[in-house]
Amino acid sequence: MESVEMNNPNSQTLDQPPPSSNGDTAPLALDHMNPQNSESVALNGSSTPIPDTNGSSAKPELLRPLLSENGVSKTLSGNDKDQSGGEEETTSRRKRRSRWDPPPSESINNPSAEGGTDSGTGTRKRKSRWADDEPRTQIQLPDFMKDFTGGIEFDPEIQALNSRLLEISRMLQSGMPLDDRPEGQRSPSPEPVYDNMGIRINTREYRARERLNRERQEIIAQIIKKNPAFKPPADYRPPKLHKKLFIPMKEFPGYNFIGLIIGPRGNTQKRMERETGAKIVIRGKGSVKEGRHQQKKDLKYDPSENEDLHVLVEAETQEALEAAAGMVEKLLQPVDEVLNEHKRQQLRELATLNGTIRDEEFCRLCGEPGHRQYACPSRTNTFKSDVLCKICGDGGHPTIDCPVKGTTGKKMDDEYQNFLAELGGTVPESSLKQSATLALGPGSSGSNPPWANNAGNGASAHPGLGSTPTKPPSKEYDETNLYIGFLPPMLEDDGLINLFSSFGEIVMAKVIKDRVTGLSKGYGFVKYADVQMANTAVQAMNGYRFEGRTLAVRIAGKSPPPIAPPGPPAPQPPTQGYPPSNQPPGAYPSQQYATGGYSTAPVPWGPPVPSYSPYALPPPPPGSYHPVHGQHMPPYGMQYPPPPPHVTQAPPPGTTQNPSSSEPQQSFPPGVQADSGAATSSIPPNVYGSSVTAMPGQPPYMSYPSYYNAVPPPTPPAPASSTDHSQNMGNMPWANNPSVSTPDHSQGLVNAPWAPNPPMPPTVGYSQSMGNVPWAPKPPVQPPAENPSSVGESEYEKFMAEMK
């Protein structure tokens, strides 16, 4: 360093004036961190030695500020070089502070270090290029922030509490016996306490564990009080403050302290807990019903059950505890029943909850609360009060005393009936009966519908309200105004005028339309200038068919006339006619039909009117087919019923066959006879034989002549015939009038045991006819010459002989 000083021509001492040129700037200071180099700092120009930190003497030196051309101090950076050259800078860079050197005594930003001597090392510090231009201000934290910086943890008291907390937690979790004191050092045991199962609760181990738990809770509470940032364990429960307030039941046995504290449905107790934040419960003898003790067997033993009746107040803070205790203490002081406002409020609240409160009743005359109707001050006044009825809208009486409150439903029924009347519908029979029953006065007609009465007359509708029941005035109708119902939906007023203008002068014609949609409602009104015109229009247009609708025309306002139930329709002639009695054999007899109304009852022995189903064609005249004698040809598809014992029965309706679909259908109207020649030429021969045409299309329901007591009229005699009757259905056993047998009966059924009478000789042409079928009307025949009973007995004897 001395060589550097000697070789530097620009170095000057402090006693010399500073140079004016730029080349007189002081060189950079040497590394002041090394104390060995402090004595060689001669470039400051100080000749007075000063003691070094190591004890060596050094010259006192002053730092000369670096001045620029304008006189402002200049700071050189690492790259800045002045006229002194780079030797000093190279020397200063070689000597850097080690990381193990002690820290400097002053900051590089200390202004005193720049202006004079360095108190720590006596050297000037070089400013780094990364140093801040302005020094940072030191922040002084308040005292309460020290708790959050972690410095509070080093408090001896907190450390002692933490160590004790860890020790207690270790003892509780180890499972080792907590009370291991010898026999002589133990304290006397308290009185044993047993649970509901007879097991002792307060054992030595249990008491030791409870003692450690209480101590642990207290330590945690103290740590939280000293260090609010302390996080307690998860199982920590803050201890609650509690206070017992005994109820003076012995001093005041008849006073209801519990009711005043709990209140109606517990509302008073809940209100005090909500206002104070404390918990208020009643404990002791008598606080729990006797039946509840059996339900609490599994619960923890509560030593307060054997204490006197008291109120237990629990709170987390002392303020909440004192507030709740003050409220309860006021209720524990007995007060006279007359002056007990608290009890009166509880009773009012209970009545409100039960819905039986009566303090808010209003007077029915004036509507004001506070007095009854009999004590109303405006009882004798005649003015109308401000009360408005919600039913009739009238003042002077409340809604509950409305005289027409019971007629709301009847009014709706009347409106509905008016609506039906406008639509042209009929009135239900029940409404007519009801109006007849509720007739008012002796002169009122019970047949009028409800809308025909004067419903707006309040006196007649309610004669029991002080009014004299009088006959309601009859409603006057405008005979010239007509109601027209069931109009087409597209009919307008002009169309209505054109429809009814032919009956006279029309004063007004209107089709009623919907106000919202603008469409026709289906009815309207026409007003004529004269009553005669209106009556003519009613007679002509009522029931008139117009565009697929039947118009209903009547006087407006009047109910439609009652419609009588329609009678049974007159019987119409069937599609196939019945020939008269003088037509050829095989046809049906003629029937007489009434043109209208009710028909007369049929003759008891005659058959009922057959159904209107198609019947079989009439048989061809005799001689068309000649069956071979001796050949058995039963009817096609015919089924015979089993023979009934000794009783003549009619065939069931389902035993007949329909005619073949290939047969042509032919109908004869009543009164028209079938021509045998025409029938012969029009009917083709049948391939199934002559018996096929003998079956009707659908059997009608038959009558049983044996059920009637009347005797049928006598029949005219019939000539004998030599025609073969083996294929004739007239010989069937269920025939009512069988024909007389002929000599050839080889293929007939007349000898069947169930035949009641021997057959009679039919007329010519009955061999293939249906005239002898029992459900067909029989032509008049003469009674047989021989006795039918003797013939029946002979046939029965033949049958019995064959059976043997």
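Using the three backbone atoms N, Cα and C, a Cβ is placed for every residue, glycine included.
Just so it is clear, the model here is predicted, and its values are computed rather than measured.
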Have a look at Ser84, Ser119, Ser660, Ser741 and find the one that Swiss-Prot tags as phosphoserine.
Ser84
Quick check on the annotations: Swiss-Prot lists zinc finger for one of 59-73, 224-238, 269-283, 389-403. Which range is it?
389-403
Zinc finger range according to Swiss-Prot, out of 155-170, 363-378, 507-522
363-378
Average model confidence [pLDDT] within the zinc finger (389-403):
76
